[in-house]
Each structure stands twice: as structure tokens, then as C-alpha cells.
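*Asks:* Sending over a structure as C-alpha cells; questions will come in a sec.
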């Protein structure tokens, strides 16, 4: 037989390359894109996570600066909330192509306002209980009061500004973690996996930039996962994020601005209403970088989850009968 023409050889080579190229493209598509031609869940969450952290840190640094004044700090926190809503809405509408209301952030009605009040009261009460136990055990010592240094007007101003800080940060974090991230995981994974992964991502955000020993790291990890699980539970039972936002804000505000239970072994958080020094065992009062890395907090969170589950289940039959 005669030799195969060179043109046929070249054409066959291009066909083989095109087939390989098409297979590669299809493989990449299957790895990166779902059946609706959206980025797969992991890529959407990764993209959102990176954008959220860049936005949060970037706005606070650029607007507030390394040594912020009170006014600049307030403006920065308000800008963060607005920008966070914008980024979340952009991802939800154009990347996820899903409804905004599904992440649990909707205009609060009278029922949700009641949940906001309940969340705030619960957050302050739990931190107050933590503080009372530490006082009873001798692990916390009151060293002074902000009222004696600033007076009523000055102290009220500090408490109000502090609550604004934590209300804005709680709104941003709940919208990001228990809103956007949890909703995406919930749509793709079993509930247990969605809750656990949301908690781990929430914990990773709080451990970035800090350090702790292995034991306190493990306790802190468990703490943030439990806290996140509690916030998800309130969202699922109330149908919105508002109770989670108010509880989260009240928890942090009470820790830092009411009772001053900051870092173990150091003076209290700068302008707390009650000046406190924690001198107990680190497993009881928290580690060197976060007061939440203690066993008492873990116990309180477990009790909260069990108690809230029991309370909401007990109310359902009564509501069904009414």
C-alpha cells in the first residue's frame, strides 16, 4: 500500500488534540461548575469567604486606620455592614442565583422583634451567669467601676458606642456564616455536615492572627462550633437571623463592655462598666488570647442548646392546639 498522505496525518493529530482538549475542558467544567452552570458549592463558599475577609479587614483598616478615633471606628463599622450586605447580595443573586430571603435576613416583623429582645436578654444573662460563677469561685476580682472614672454620661456613651460596634459585627458575621455559608452548605449537604462545617469555618475566622496552646486551641474550636450551632438552631426555629444577631451582639457586648471579662491574667477590657481581673486556672477563665476558650463556656453553651431545643419543642404542641 502507498504511504499515508502527510495532510491526513496532520488532520488526525489535530483531531486527537481537539478530543483531548474537549475531554480536559469537560473535566474542568464538571469539577468547577454544577448542572445549573453555577460554580460548585465549595468554590462559591471559598470565593465568598475570601471576599468577605478582604472586605472586613480592608474596610476597617482603610476607614478606621491603625489608631482609629471613636468617630472613624463607628463609620468603619457601619460601612462594613453596608458593604457586607452588598457583597452577600451580589453572590446570592448573581453567583448562587437564589433568593435573598433564603439566607434568613428579612425585614423583621412583630414576631421577629420579640425574638430580638429575647436574644439580647439571653446573651446578657448567660455572660452575667458566667461572671457570677467566676466571682463565686474566686477566679474573678472586681477592681473598680467605670462610673467612678467617667460619670453617668461618659459611661453611657461608652456603652452605647460599644454596643454599636458589636451590633454591626454580629450582623455581618451572622449574615456571612449562619446566613450565606450555612445556606449554601445546607442546600448541598446533610444538615449535620452543614452545621459542623459552618462552625469550623466560623472558628477559623476567629483563630486567624491569634495563637494558643493545643489544649486551648481544641477548647476554643469546640466553643466556636457550639456557639455557631446554637446560632443556627435559633435561625432554624425562628425562621430568620435576627435572634442570632441580637444574642451574638449581646454576648460580646456583655463580655467586653459590661463585665470586662477580657483576657485571662491581664486587666479588663478597656472601658468596661465593671473593671475585672481574672486570676483563676486557664481552663476555667480562658486562654491567653480568648476568654471563650474555657470549660465553663462550653458547659453553658451545651446547656443553652439543650434548653432551647426543649423549650421550642414544648411550645410547638401548645401553639398547634391554639
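In case you wondered, yes, glycine gets a Cβ from its N, Cα and C as well.
Keep in mind that TrEMBL annotations are predicted by a computer and have not been checked by a curator.
As listed in TrEMBL for this protein:
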TRANSMEM  45-64  transmembrane segment
TRANSMEM  70-91  transmembrane segment
TRANSMEM  112-131  transmembrane segment
TRANSMEM  151-168  transmembrane segment
DOMAIN    158-253  domain 'CAAX prenyl protease 2/Lysostaphin resistance protein A-like'
TRANSMEM  189-209  transmembrane segment
TRANSMEM  215-233  transmembrane segment
TRANSMEM  240-259  transmembrane segment
TRANSMEM  295-311  transmembrane segment
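Explain the structural surroundings of these features, please.
*Replies:* Tertiary neighbourhood of the transmembrane segment (70-91): same-chain residues 44, 47-48, 51-52, 55-56, 59-60, 63-64, 100, 103, 161, 164-165, 168-169, 171-172, 175-176, 179-180, selected by CB-CB distance under 8 Å and a gap of 6+ residues from either end.
With a threshold of 8 Å between CB atoms, the same-chain residues lying at least 6 positions outside the transmembrane segment (112-131) that come near it are 140, 234, 238, 240, 242-251, 253-255, 258-259, 261, 274, 276, 296-297, 300, 304.
Residues 70, 73-74, 77-78, 80-81, 245, 248-250, 252-253, 256-258, 271, 273 of the same chain sit 6 or more residues outside the transmembrane segment (151-168) yet have a Cβ under 8 Å from a Cβ within it.
For the transmembrane segment (189-209), same-chain residues at least 6 beyond its ends with a Cβ under 8 Å from one of its own Cβ atoms are 41, 45, 49, 53, 173, 177-178, 181-182, 217, 220-221, 224-229, 232, 290.
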*Asks:* With pairs fewer than 6 apart in sequence excluded, do the transmembrane segment (295-311) and the transmembrane segment (240-259) have three or more C-beta pairs that lie under 8 Å?
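*Replies:* Taking Cβ pairs at least 6 residues apart, the transmembrane segment (295-311) and the transmembrane segment (240-259) are not in contact, as fewer than 3 fall under 8 Å.
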*Asks:* In this predicted model, what is the average pLDDT of the domain 'CAAX prenyl protease 2/Lysostaphin resistance protein A-like' (158-253)?
*Replies:* 90
